[in-house]
């Protein structure tokens, strides 16, 4: 996998020929689960997809699931939710980056681009919307993870398509050295 800056990812998608365009997968990485959302073929609308069980011992199984999704859905990149906090380092951000490092180390997702996007409050927003429904905790958790991934992907695609000023707002100043330049934040997974 190869890290690329968010604007570069969206620029590449927008300037590629229609035949070569692909979809994006949003990831909400948590301690136990990874919520997934997929964009439409124009990368404008995100929809909930699934939740994967996350364990250190099942990384190869997860990679296999990702390979199937890449093939089935014509995926070209991942937008990975990462909590950004300018005042202090966020422990959850380290966890997210270690997960992506584990995916990269398998060497099985070569050529796939990924980027990080601020996921601040995505899960909490969904949680607040679901609270009045009084769902079973397990059902609620899977819905929260999927829809948090939708929020991550939807916000990133709107900012990527909408231009640099929106990116500065959505990123809340995270990665300051990159976010104010048009060529800022996206990586690709490589072995």
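Quick reminder: no glycine exception, Cβ is built from N, Cα and C everywhere.
Positions annotated as domain 'YqgF/RNase H-like' by TrEMBL: 22-126. Over the domain 'YqgF/RNase H-like' (22-126) the predicted model carries a mean pLDDT of 88.
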**OP:** Could you put numbers on the helix, strand and coil content of the domain 'YqgF/RNase H-like' (22-126), residue by residue per DSSP?
**Re:** 39 helix, 36 strand, 30 coil
